[in-house]
Amino acid sequence: MGLGVTTFQTLKLAAIPSLHSASSIFRPVSKALTLFSLSRRPFPLIVRALSAQALPIATPDDKVVKPSWKAAIDFKWIRENEGVVAANIKNRNSNANLELVLKLYGRMLDVQKEVERLRAERNVVANKMKGKVEPSERQKLIEEGKNLKEGLITLEEDLLKLTDELQQEAQCIPNMTHPDVPIGAEDCSTIRKMVGNPREFGFPIRDHLQLGKELDLFDFDAAAKVSGSKFYYLKNEAVMLELGLINWTLSEVMKRGFIPLATPEIVRSSVVEKCGFQPRAANTQVYSIEGGDQCLIGTAEIPVGGIHMDSILPESSLPLKYVAFSHCFRTEAGAAGTATRGLYRVHQFSKLEMFILCRPEESDSYHEELIGIEEDLFSSLGLHYKWGFTVPFYVDSLICLAGGSLSSNDYFGILGRTLDMASGDLGAPAYRKFDVEAWMPGLGRYGEISSASNCTDFQSRRLGIRYRPESTTTPKKGKGNAAPTQFVHTLNATACAVPRMIVCLLENYQQEDGSVIIPEPLRPFMGGLQVIKYKFK
Amino acid sequence: MNDFLVVKPSWKAAIDFKWIIENEGVVAANIKNRNSNANLELVLKLYERMLDVQKEVERFRAERNVVANNMKGKVEPSERQKLIEEGKNLKEGLITLEEDLLKLTDELQQEAQCIPNLTHPDVPIGGEDCSTIRKMVGSPREFGFPIKDHLQLGKELDLFDFDAAAEVSGSKFYYLKNEAVMLELGLINWTLSEVMKRGFIPLATPEIVRSSVVEKCGFQPRAANTQVYSIEGGDQCLIGTAEIPVGGIHMDSILPESSLPLKYVAFSHCFRTEAGAAGTATRGLYRVHQFSKLEMFILCRPEESDSYHEELIGIEEDLFSSLGLHYNTLDMASGDLGAPAYRKFDVEAWMPGLGRYGEISSASNCTDFQSRRLGIRYRPESTTTPKKGKGSSAPTQFVHTLNATACAVPRMIVCLLENYQQEDGSVIIPEPLRPFMGGLQVIKYKFK
């Protein structure tokens, strides 16, 4: 049973500016759409949604595995700021072993000195042998040289082992934390902003699974047989809704100067690690491919982070702003219970991810820009009408213009909030993390729909992404004039996680008769479809 | 794939052995024409043995019943002892026979599953050079300037990045950038709306499936040089085509006849190892490990599959004509069909940058090959008024399944870039796609 051909119009992308001018368009974040912002205060969280973001937890091993790559860790800085680093590790509930790191670092420096000393002595001996030397003296020198050489080999082996062990331990140290981040576990996260209106339903509401069943939008049962639990087929209008969300979100974010990308979904496991995830940990979120070192990505953050791996970018190219589309795969190992029913927690989903590479001094402001974009997108879908005056008539005429059949009594929106995540709930890479949660009436609680992290230089030190600052004096051609390179800062933010959005939209926009209104901004991207109607079978 | 090692299959295809025996000559000729290494002789031999052992088993069971009955009445003690002995011997003999029967059945199944589908009488016999052209549409464009291939166009227009992808993922991976992303979305949106207009139900499918489902569709995830990626730690695979998860939707089901035909158009990413593929024919977007594809899939009654095959190839030809492509439709030769296909039409489009035709789609009629493995049946409506009670419904039949590419995005991108390039290095967007790309008309050369 297909969709009615007569009601179907071509799917369209709204006209978007050509990409040449896109980079010069920077639409200021509109404040008009936000209703009211609560200053940060501790808020007893209603059952907090499980984060969609993988939470890498450091699990130092007693066994030293030779890392296939090295993070450019600033050991000197760690040693000079030992107290701050230790407090941070504690606040983040990390099991990094700072004491061991400092001990190993000290030993490594000592062994390094020893190596240099032995090398110097060896040079002395080698030099002595060049001149005129008595045979007995020569023999002594040869002996000495040989001993030094053997000692050197042993020391250099030790140095290598120490460096590997140091690297392995030090990589567990989480990123530093923004001073404004609330300290504590997830219940300490604070609310930065509330948006939208809670809708009052005058009828018993359905959850997205029931709506999906009645509207023939998903099939979990067939997917369980074909693939396993937490897999699903989207059908009929749900497919159009997914495409509508992707097309609309992409065009909105491109308008703000982000370069669109479609990324590989299979990557080398080393790239996954460099972004701060742990493909080999027990209960890992990461699927591995048999027969090699490849993994499936859990987020486009990974392949996008990898694009500029081991590069030095000219300062003029920053900031680099990408919006990347990909399917994402997560094992969801260890997640169980009713919080994982239906589309809320699945093994595979579509996602649009924003990613910024910038200069260090700008990452805080780009973090604000990213969360602003997320809040804008969400507000646009939230259809709130609080302009400080009675609007029913305006709403009515708006709806008439759109050719719809909504009654002005159906005045509703989506309630949402932005959280400043507490120190114990940040992943290892994030310096600061904002989560957006939407009220999901069918679930009866808030559910995370997006997440924006400022990873400062945590990922770039692992991925090897630097930039060369422009010299302030006229650069003279020749050696030694270029300014030393710096590590960029990286940020990532969800523009649209499709299944969560589908849950959100279905549950918030349901009607008493079981149909679902399509939010107005999506309609041009869904062939003008206004309502997902209950199908009489 | 014949192996001396008998692996206990985790599922059984519903193979019609009787039919095979009755049509041994046809089946043998077909195996030869298809260049298959199925061993028909062995299958027939195993089948005979299996029937014999089955008869033996029944005989033993009958004798055991006789002995059991004899023991019920009044029996002399010495006679009783003899009967008990006899019963014990029969029981042991039976156990051995039943074990043999199981092993035989597994081996028979394994060998028989290698037998390819039969072939449509109009299919040309021979290797791939024997495929014939059914239709030719358009002609190669004449360029008045030196043309570029899609890789060069992509580089100059900043549309792909293969180098970064090689670092991050490996060769034959890529990022799409800028207008190429819009082109992918435009192709998907337009194709989906065109196919939905023709009554196909849209689907988005899982891309991780159980390996048994892959096998049931006629692929071989465990073969050397397999096209199929496997996931570590279990029996899951990545799909190479949405044909697989769609085929699996109605696994082990009996559909009412009134629900047929079922027509789906499914969107998915596809993953292929491309093991064994090398050379210049694999540069750029032409042969990649991951790509987006819209796939049409039909389940229908057997007598209708030929006409739905024509419908599917007709839709594909409409789509490509709308985009202004020059292409040929081929009727694939018997040696170039996969095991499941009864008949296969491939569309090859002219790719000027490559300097040859490249496959952009494929439409297969798999008749009951997949449905016998997936267990998809339908119940024909009874012609007489059904009486409630036992024995009134008609016996179930296997459906026929067909699959056809609506749009394989990277091949289409190669096609469009190379055919629509301009002298200044820009690329015109075909008119039907423009509304789905925000009205974009040209991918312009970017001056940097």
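Cβ coordinates are placed from backbone N, Cα and C, and glycine is handled just like the others.
Note that TrEMBL annotation is computational and uncurated.
Per TrEMBL, the feature L-serine binding site maps to B:T241, B:R272, B:E295, B:N403. Cβ neighbour count for B:T241 (L-serine binding site) (all protein chains, 10 Å cutoff from its Cβ): 24.
Summarising the annotation, TrEMBL assigns ATP binding site to B:R272, B:T273, B:E274, B:V288, B:H289, B:Q290, B:F291, B:E359, B:I360, B:S361, B:S362. Over all protein chains present, the Cβ of B:E274 (ATP binding site) has 16 other Cβ atoms lying within 10 Å.
For B:149-430, the entry in TrEMBL reads domain 'Aminoacyl-transfer RNA synthetases class-II family profile'.
A strand conformation is recorded for B:T405 (site 'Important for serine binding') in the three-state DSSP classification. Listed in sequence order, B:K293, B:L294, B:E295, B:M296, B:E316, B:I360, B:S361, B:S362, B:A363 are the same-chain residues six or more apart from B:T405 (site 'Important for serine binding') with CB atoms under 8 A from its CB. For B:T405, the entry in TrEMBL reads site 'Important for serine binding'.
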Within 10 Å, the Cβ with the most other Cβ atoms among the binding-site residues B:S362, B:N403 is that of B:N403
Cβ within less than 8 Å of a chain A Cβ is the test here; which of the binding-site residues B:T241, B:H289, B:E295, B:I360 meet it?
B:H289
Under DSSP, is B:T241 (L-serine binding site) part of a helix or a strand, or is it coil?
coil
Max Cα-Cα distance in Å among B:R272, B:T273, B:E274, B:V288, B:H289, B:Q290, B:F291, B:E359, B:I360, B:S361, B:S362, the residues listed as binding ATP?
19
Cβ within 8 angstroms of the Cβ centroid of B:T241, B:R272, B:E295, B:N403: which residues besides those meet this for the L-serine site?
B:I239, B:G240, B:A242, B:E243, B:I244, B:C270, B:K293, B:T405
Between the binding-site residues B:E274, B:H289, B:F291, which lies closest to B:T241 (L-serine binding site), Cα to Cα?
B:F291
So how far apart do the L-serine binders B:T241, B:R272, B:E295, B:N403 get, largest Cα to Cα in Å?
18
B:E274 (ATP binding site) - helix vs strand vs coil (DSSP)
coil
Mind giving me a neighbour count for B:I360 (ATP binding site)? Other Cβ atoms within 10 Å of its Cβ, every protein chain shown.
23
For the domain 'Aminoacyl-transfer RNA synthetases class-II family profile' (B:149-430), what's the model's average pLDDT?
94
Restricting to the chain of B:H289 (ATP binding site) and a gap of 6 or more, list residues whose Cβ falls under 8 Å of its Cβ, or answer none.
B:S169, B:G170, B:K172, B:F173, B:F271, B:R272, B:T273, B:E274
